[in-house]
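Input: a single structure, listed below in structure tokens.
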Amino acid sequence: MGNEEAVFFSRLLTELTLSFHIIYATIGVGIPLMIFIAQWVGIKKQDEHYILLARRWTRGFVITVAVGVVTGTAIGLQLSLLWPNFMQLAGNVIALPLFMETFAFFFEAIFLGIYLYTWDRFKDQRKHMLLLIPVAIGASFSAVFITMVNAFMNTPQGFDLENGVLVNVKPLVAMFNPAMPTKVAHVLSTAYMTSAFILASVGAFRLLKGSNHVYHKKALFLTMKIGLIFSIASAVIGDFSGKYLAEYQPEKLAAYEWHFETEEGAPLILFGVLKDNHEVKYALEIPYALSILAHGDPYAEVIGLDQFSEDVIPPLYIHYLFDLMVTIGMVVAMVSLVYVVGTWLRRRFVNANWFLWIVFTTGPLAMLAIEAGWWLTEVGRQPWVLRGMMRTADAATTSNHVDSMLLLFTGLYLVLGVGSVIVLTRMFRKNPVEQELADRHGEGR
Amino acid sequence: MHVFLHFYAPFIVLIGSIILAFWLAPKDEVFRK
Amino acid sequence: MTYEVIGISVLWLFLFGYVIVASIDFGAGFFNAYSLLINKHHIISGIIQRYLSPVWEVTNVFLVFFFVGVVGFFPRTAFYYGTSLLVPASIAIVLLAIRGSYYAFTTYGELRHKGWTYLYGFSGLFIPASLSIVLTISEGGFITEDEAGLALDYWALFTSPLTWSIVVLSLTSVLYISAAFLTWYANKAKDHQATELLRKYALVWAFPAIITATGIIVELRTHNPVHFNRLVDLWFLFGISFVLFLGSVYLIWKRKNYGIAFTLLTGQFLVAFFAYGISHYPYLLYPYLTIYDSFTSEEMAVALIVAFIAGLGLLLPSLFLLLKLFLFNKDYVQGNR
């Protein structure tokens, strides 16, 4: 058996679907919390701007949710279509969180429907806001459950293989595997962080385009504060992830960091280019930093790639992805810190065009970091689909039609991506904030 | 310590950040005249 | 009852839920586009929009729930169906994706162009057609297994009369279910013009639906005699289903109690759907897979059932709230809100 072409195209198609879906999924997980915070602040301070902020974010959110839902359906089915052998095994052991994810999503979908159509139905605004709690919880828990499945792929446990037969299946043990806590927490905090920065980019863009309305300044200040908090949280949890990797997937950490020789007091390599014979050039070496990242102790021993046979080491280019992810994380954290402190101290540069352009880049950059992070962790798990249990090449379908499906889905994602961007831009260009604020006053609110 | 670091610490950081976000979000006195 | 039977019953019930809500959704999109074509758009588009808007997202979840549940309870299906369904399922995904997202684009994003209404309306008919292929394949005879793996014989599939009768059945029942539901909904909204038009559609599609359903039983006689004989043994269930059908057609004909008419229709499809399912037992895929040899471990089955009950405890009240606010709320239905 085995069909190398099918394996190659299956990987490509899964990579494409995930790369596209993760954009909408990240927004879908993070934005409900942002809307909730905005509406909460608006009600608490009786400030109409924040309420309108929640309202307008919701309108955009619906469009992204729609694309997230359909691409989520696509990846859900593609897992079985492209990786039938993997899903057969996974279905036996890790089906529980997959199943629970649909419930979380169901819960979110129902309350989102209600929330959307009941803006002016409640006398007490707080009741309407309460409808967002199940939306936000459903959205976040969808991410929690799906990430549990991904964590399981990194540290499979909760079952025994005896002569090719699965025995002693323990669904809860499989769910609460060692990779789960850091992965789940990192996925959630980066989703909140990225969503905040995306919304900040929108606000910065409006200010750059000539609007000087305090509405946008409030929006920007709010989202930058949230972005700052969660980018710091993401970095701290990222540090925990390093310690997790050092213990459970040392080959993955070593490949991330181009750590070839096992040694004590290991330095952390940032940037650089890999030459032949594991020679690293132009790199920034931070002494003892890898030992600190891996064990919290500058003199601790960190296992290097020399301890592993060639055929279980992931491709080494992932170090570049690691650099990209970490650098962006640092940059957006710094930008938001400068913005927040600058605003607090009423410095004028925060409203200067050059600075707003920098602020504007945080959203796209954060999304790029999300992509880099997923490529990093997925490629970093290779050659395994289930680490130590099943190789990716053995999991794929044997069908001969995967290449044409790749074309089909490329077309689909183009249509969805272009469509959603056009719709979103038209939606907000046609109905600017100033206009909407004036309309609402006209109605006597 | 080990179980704490690997299991609870990430969630504590996450939940702490959410609470912090709610605490910091309404602080916008800069915009009051 | 064994865990296997509990598992398949739960999944079958959810698939039935999907069949009903998706039929209403697909049919509504089709009638919306069709009325635009014959210049009667002003009569029914309002009613259709008001129904579809709050529930579109929920429909999709039923389907996701079903296939995730199948892989959970019967992991071997992932291997058999996953390998053989790559092409038809991918096409269904693409159609669902375009339809779902462009619904949101047009409704919330002011993408108002007639082309989208048509695309949305007619793509809704291809989805049940492509999904119903799975039922055809499950009857066996289209999948071959050899050293190279599993292969789906497309030529046999697309030249089989069984395939096409199931496709036609899926289309006629989509239109019938949808028209009957919307008649009731329009009547609740006290929109007489729309009620009359939709009532006409319901009556038009009622008999094609029942005739194609009978046609499939005849097809199965030659295609899968084992299944056919089991179907015949359950004749009384199909009899009940037929009586329910007559009842709902009678009520719609007499313009009485559209609500009861739709309830009878749901009963008709429920009984027939389960009669079909029971006669299919124990096979998931003739002759390779039964619910017994593909079942997951007992530990996982218990965990899934517990999760399911807990999940229902959360979902049923929320679904009830959704229905209460939009479907059974007079002011909303009549467009006052």
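Note that the numbers count up from 1, one per residue, in the order the chain is shown.
Quick reminder: no glycine exception, Cβ is built from N, Cα and C everywhere.
Summarising the annotation, TrEMBL assigns transmembrane segment to A:20-41 (among others).
Sequence annotations record features per position, and here TrEMBL assigns transmembrane segment to A:61-82 (among others). If you look at the transmembrane segment (A:61-82), the same-chain residues 6 or more away from its ends with a CB under 8 A from one of its CBs are 10, 13-14, 17-18, 20-21, 24-25, 27-28, 31-32, 35, 105, 109, 112, 116, 396-397, 402, 409, 412-413, 416, 420, 423-424, 427.
The transmembrane segment annotation in TrEMBL covers A:94-117 (among others).
Below 8 angstroms of C-beta separation, residues 25, 28-29, 32-33, 35-36, 39-40, 43, 90, 93-94, 97-98, 100-101, 104-112, 114-115, 118, 174-177, 179-180, 183-184, 187-188, 191, 377, 381, 384-387 of the same chain, each at least six residues beyond the ends of the transmembrane segment (A:129-153), sit close to that stretch. Sequence annotations record features per position, and here TrEMBL assigns transmembrane segment to A:129-153 (among others).
As annotated by TrEMBL, transmembrane segment applies to A:184-207 (among others). Within the chain, the transmembrane segment (A:184-207) has long-range Cβ neighbours (under 8 A, six or more residues past its boundaries) at 25-27, 29-31, 33-34, 57, 140, 143-144, 147-148, 151, 213, 216-217, 219-220, 223-224, 226-227, 230-231, 233-234, 237-238, 240-241, 332, 336, 351, 356-357, 359-367, 369-370, 373, 428, 433.
When Cβ-Cβ distances below 8 Å are used as the criterion, the transmembrane segment (A:219-238) is approached by residues 34, 37-38, 41, 49-50, 53, 182, 185-186, 189-190, 192-193, 196-197, 199-200, 202-204, 207, 326, 329-330, 332-333, 336-337, 339-340, 343, 359, 362, 366 of the same chain, each at least six residues removed from its ends. Residues annotated as transmembrane segment in TrEMBL: A:219-238 (among others).
Cβ atoms under 8 Å from those of the transmembrane segment (A:317-342) belong to residues 193, 197, 200, 220-221, 224-225, 227-228, 231-232, 234-235, 238, 255-258, 269-272, 274, 349-350, 355, 358-359, 362, 365-366, 368-369, 372-373, 375-376, 379-380 of the same chain, restricted to positions at least 6 beyond its ends. The annotation transmembrane segment is assigned in TrEMBL to A:317-342 (among others).
Within its own chain, the transmembrane segment (A:354-376) has Cβ neighbours under 8 Å at 15, 18-19, 22-23, 26, 190-191, 193-194, 197-202, 204-205, 207-208, 220, 224, 227, 256, 318, 321-322, 324-325, 328-329, 331-332, 335-336, 339, counting only residues six or more beyond its boundaries. As annotated by TrEMBL, transmembrane segment applies to A:354-376 (among others).
According to TrEMBL, the feature transmembrane segment maps to A:405-425 (among others).
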